[in-house]
Every structure is written in structure tokens, then in C-alpha cells.
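Let me begin by presenting the structure, written as C-alpha cells, before commenting on it.
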């Protein structure tokens, strides 16, 4: 654990991930666009980087946890990023992006002898805080082995989808699509039940102790009941249903349900 | 268990239910539109009724397991049905129908002093065979108490949604809607993954041991993988998404996802 790891992105997910790496004893040099966010990690041993490029040690490991395809592309193509990371370096990318974006980014790294590991994660910020994330990863075996201890320090389980970059993001998009579909159908069901005079909590209690006794239904069921039957849309729901639909369209797979969920999410967010 | 129970409807669900009641020691007088289907229950002690009306003992219990609203209505309004069942009788209705149909039927029974218990069940025919159904029920307490041993003999659990007829069917429609939504999204996800070069079984294995580690995702996941990524539509999927949508519309709840699932199911069935 003597090498210093570069860390970029202290958003809702990035901050608890960085905190858990620091707690596990890793030395992190951290960059965030809003520099003040780095400050609360300094007492845990975090080192403030003076610039995006400054997080990197040539031949070392850099982790990015940025919000979307555009943000990832902007980091990778920023002046000096790949040069500084350099040959033998590993870039561990935890964002959920289109598999195509991931492959394009990986190719840019490969040209310079840098290894690219995609490792999108499942879990809300609370889960990240509690080291309860689930990781999907893909990339070259040696690179995955090198970053495995880091992934172990932040998650409850790692699923390896092989060496083809894009595969882990495909699984992540599938999972997010299933989560969004579940969330939206729970909301529609509970609203229908409640307006018909049936207690939504009783419906959730029955279904989540029988057919749907799993984390997503239990947690979303409770949250949607508490939220008066509403499953909020947000830009992540819009982005991920959109990415799913595009990724299906590109290989000629019809996805009418993803299309519908995307439309519903866009319309709800507009309101 | 000395009283003879009337039983109407030996479809995919009715047959295993009748079989389990016979195995539990109940005396059943059975009617089915296609009379030959009753024959295989005779060795278990089933009694063949000569007509629909013949299954009934005045003041006794009759169970119907028929396919839809129209079939239920046709049985209840058939010549002599309510007269034969008579005052003090209980009609235990296991079909999934619109709550409105259920309330209309219950009112016809109430006029003659007959108690109506709605008890739609969750579970495929294999689950019914294995006494693994889940029952949702609603109706007058005394009537529910009277039929409870029958329900216990065919299920792994009974959920009571009170005395308002319609409530159990509302919960059943919510559950079926969630199941259909899950099935359709699993299929879309696995097709998208497979055409993008990711093994669908690996996707199912990951998701159903983590976020979706529950019966519906595990069983539908395995079946959809075995079925090449296809989630078949059938008339039940069309009927239940349609009933859900109508039941939501009647109380002014928008249900764009149910609408979309209904359209997809109709279109798939037409192909």
C-alpha cells in the first residue's frame, strides 16, 4: 500500500469510495473540480492535488468516478492526462457509460501502453458508505489483479465479465434498466392500489416477503411508500434508460420497454 | 371434513388445486365444462357432478377456479347457481378478475344471504401442484374463517386484505403487473446483453445473487435464458395488464408503464 493512488471525482459516489480507500490505509492524491470538497478528506490522510494532472504518478494507478460519458471523455482527453499516467499505468474507471465510450477510451489508453479497467458499481451513496457496493469489471487480467485490492476495500463483491472492455458497462446498464423498471412499476402499482382503497404498505409487505423478497423491491418499496407512491425521476434515470436504448438499438435489439421508461423519465423530470 | 365441497373449473390452476384438496382428505364434487378432465380425479375420491348446479350443497361451500371475468360471471348467473348454493352458503372465488367484477358478483350473492370470498392466488401450475401458492383474500371474516382450512391445504401462505371485496384482486393485479414488468425487462436486458457479446447467463447469475435475489427474478431469469431471451406473451399477460390499466384509469391514476406492457403483450401475441 505504499504507492499513492490518484483519485478524480468526489460526487455522491466518489466521496464515500475515496473515504473507504483512505480508511483501508491507501494513500490517495485527490482532485475534484470543486476543490473545497477535497478538504473533508484531508483529516483521513487524503492529499489535495493542485490540478487534474497532478493526481498521477507515471506508471501508477488512477481512479475516476465521474458522472457521465462526457465527463469521462473530458478527463481522458485533457491536456497531459495520458502522458502523465504513462506506460504501465492503470486507469480504473467506475463511471456508468456507454460500452462504446468505454471501448473508445480504452483504445486511447492502449496506444500509450496504459491499461484500462472498467468497473461500474451498483449501490446508492449509503451503500458505498457502508462498503456494500457490487462491482462489475472488465479489462486485462493483470490490470484487474492489480486493482482488485482497491475494489475489495470498497465493495461486498466483484463480478468479472472478462477481458472485453464494454462488457461490464453492458451488465451495469442491464442492471440499472431492471432497477428503474422495478421502481417505476412499484410506483404505478402502489398508486393504483392506494387510490382503490388498499393500503400500499400492506401490498409491499406481502410482495416483498414472498415473490419479491430481495433488496431492490424491499428498499424501493419502502422508499416509494414513504414518498407517497412517487418514484422520482432524475438525470441518472434519464441517462441510463437512454444509454440502454442506444446500446440495444446499435445491435438491432428492439427495446420498447426501455423506450417507454426513458420517455416516462424525461417527462417526469420536465415537470 | 365431512361436508362435500363443490368445485368448478379444472384448468391449469384448478386441477392441481382440486388434487391437493382431495389429497388433504376433502370430499369434492367436481364440475368442468370438458367433463373428461374430471375423470383423472376420480381415483383420488373426486365425485363427478352431472351439471354445474349439481356440485352444490345448499348452505355449503363452492370453489370456482375459472379463467376470467366473463367465465366467472357466466357461472354465477347461470340458471339455478345462486338458488342451489342458497342462504348460508359460501362462494370461494380463486380467479383473477377486475375488482369491479368481484364487487358486482359479491352483491348478487349478498342479495341471497350467500357469502363471497375472493381469493386469487400467485403461482404457476407447478407451484400449485407443490402446494406453494400464495393466497390473497378478502371478504367477511366468518366466511374467511370457514374456508381458511381449504386455503391452507393448497398454499404456503395466506394474506388477508380485509372485508372489502375487490381488495384482494387489486393486490393480485399489482403483483401480476410487477411480475410481467420484471419478465419483460429481464428479456429486453438479456437480449441486449447477448447481442452485445455478453453471456446472458452470467448477467442473470450476477443480478439474481445480489440485487434481485428473489423467486421471480431467479425463476424468470432461468426460463428466459433457456428460452433464448424470449419472454412469451399469452392471453393471461394481455388480460392482466389490461385489467391493471382499467383499474388504474377508473380512479384517475396514470399508468403509462402498464399501458406500454399491455401494448407490447398484445403485439407479441398477434405475431
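Using N, Cα and C of the backbone, Cβ positions are placed for all residues, glycine too.
The annotation domain '6-phosphogluconate dehydrogenase NADP-binding' is assigned in TrEMBL to B:4-159. For B:166-268, the entry in TrEMBL reads domain '3-hydroxyisobutyrate dehydrogenase-like NAD-binding'. Sequence annotations record features per position, and here TrEMBL assigns active site to B:172.
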By DSSP assignment, list the helix, strand and coil residue numbers for the domain '3-hydroxyisobutyrate dehydrogenase-like NAD-binding' (B:166-268), in that order. 77 helix, 0 strand, 26 coil
Neighbourhood of the residue listed as 'active site' by C-beta distance under 8 A, where only residues 6 or more apart in the same chain count: B:96, B:120, B:121, B:122, B:136
Looking at the domain '3-hydroxyisobutyrate dehydrogenase-like NAD-binding' (B:166-268) alone, can you tell me the average pLDDT? 97
